[in-house]
């Protein structure tokens, strides 16, 4: 009955708190039995024995004490249950975030952001009732009826048999409707995921929808999805209300059977009044745990359905070397992004227990407490026995590297061999789908080769923890992601503990200091969600400033100058020339003009190196590079 193995393992982590919840509930139930006994004693004393108020006053005081004590136990059970659920939810959310960060961006591309948000927020929240209500009620539904029967059978065998015979009807009915309810709840979750995902798409693409006059059409789509969600929700509620009705009816009929049996024997003098009243008061208490379990059955089912999504995500295999990170320090102290306090001119660090402005903890530049790689930005560590990676001009070699995104499909890389010499600027060019981005993802350790190996100064990368390796790499993408916060917050992602002077120097080298100081709040200027208050050129200069601040020896540029006006392009080209100086650099050139200034151009096709050389050499060969250049000039 909804005993999900993954959820039971989670319950095992808080078994003491869960046991306390059940013990408090069991205590409240036993107090209810004693309360029924003393109530029957008071009524019998007043109406049959003719006692006055002073004669029953001691029993009344005990009865009142039991009532208040039962209420206290019931309150304690609710508090303990919700505290248990809160602890499990907190732990699950931390593990989910850690797992998502360890997975990296590439494995998550096959999912939808809206569905992931549902899992992290709604999915985890749906476990509240499962752990706070359903699981404790399940234990009480097994224990409390036995406790009641322990009092009933010594007093009246027939009443005990009535209760024992009708008790299985309630869980049997829950079992019968379970399949239908599970299907409806699963449909509800899927519908909610589609609605959330499409709503997020509409918000992110609002400008495009407005330009093409499709905003009203998307409103109709959202209306249809909302109506689907309403329909599936009402279907779930119908089953829930029907089951509640049947459970109440079964409990009422069982209580009525006991009442008739007790009443007849009381009428014929075969059962004393006090015992008969005690049995009548116990009958509803016998069914109460079963009814409460039934009332939480559908909420528990929603938790089990959500758990399926949660543990599907947690079961996704991690890239090599990421396992320790995912299971570790989300629960440990972390250093988060600095922010500007007071006037622009001074940077202060957030305390370790504060959240980053964007609400996202980033792991770049975080000390791990282990022996660090010499020169690594922000500190870090490595496994015992690993040699440190030298700082300046890394020598990167990819040997016979193969990678396939989906088994059965054509490999993205097929026996690719590539060398990046220390301080060399290498441009990757090739038609779409040739494997350029896959090479970048492999060097960023978002992917691991299926075959072959990658080394840095002779050190195999698969022996270096991915988090440590990424401290040696900077990335300047075509569309840099900026977090909601200040300009300083976003630059300092490159090195969270950098001084104010170092941050300003990095911005100056990136050609960003002039436009930043022209803003009313300078480096303390909020840039909005995804940096919407900045132009594309300004956003890229902040990304270059991050790279300057990080001071990593390997640099990856992903078309960092595409789509800019000539003046901005010149500023960024100058900044990039400074940034590339002395660093081993890989330039992902979707536009061939970006490859001309490289020391060496490597041409890819179908995941293989077809040719390489300088721009003039490749043009003279009249191979694939020549055809690509000719086609781009013709398109221009």
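Glycine residues also receive a Cβ, built from the backbone N, Cα and C atoms like all the rest.
Per TrEMBL, these features apply:
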DOMAIN    24-302  domain 'ABC transmembrane type-1'
DOMAIN    396-631  domain 'ABC transporter'
TRANSMEM  20-39  transmembrane segment
TRANSMEM  59-80  transmembrane segment
TRANSMEM  138-155  transmembrane segment
TRANSMEM  161-179  transmembrane segment
TRANSMEM  239-264  transmembrane segment
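239-264 is the stretch from 20-39, 59-80, 138-155, 239-264 with the greatest number of Cβ pairs below 8 Å to the transmembrane segment (161-179).
Remote same-chain partners of the transmembrane segment (239-264), defined as residues 6 or more beyond its termini with a Cβ less than 8 Å from a stretch Cβ, comprise 156, 158-159, 162-163, 166-167, 169-170, 173-174, 177, 180-181, 184, 271, 276, 279-280, 283-284, 286-287, 290-291, 294-295, 297-298. Non-local neighbours of the transmembrane segment (59-80) in the same chain are 17, 20-21, 24-25, 27-28, 31-32, 34-35, 38-39, 41-42, 45, 132, 136; each lies 6+ residues outside the stretch with a CB under 8 Å from one of its CB atoms.
Proximity of distant same-chain residues to the transmembrane segment (20-39), defined by a Cβ-Cβ separation under 8 Å and at least 6 residues beyond the stretch ends, is recorded for 59, 62-63, 66-67, 69-70, 73-74, 76-77, 80-81, 84, 132, 136-137, 139-140, 143-144, 147-148, 151, 277-278, 281-282, 285, 289. Confidence over the domain 'ABC transporter' (396-631), given as mean pLDDT on the 0 to 100 scale, stands at 87.
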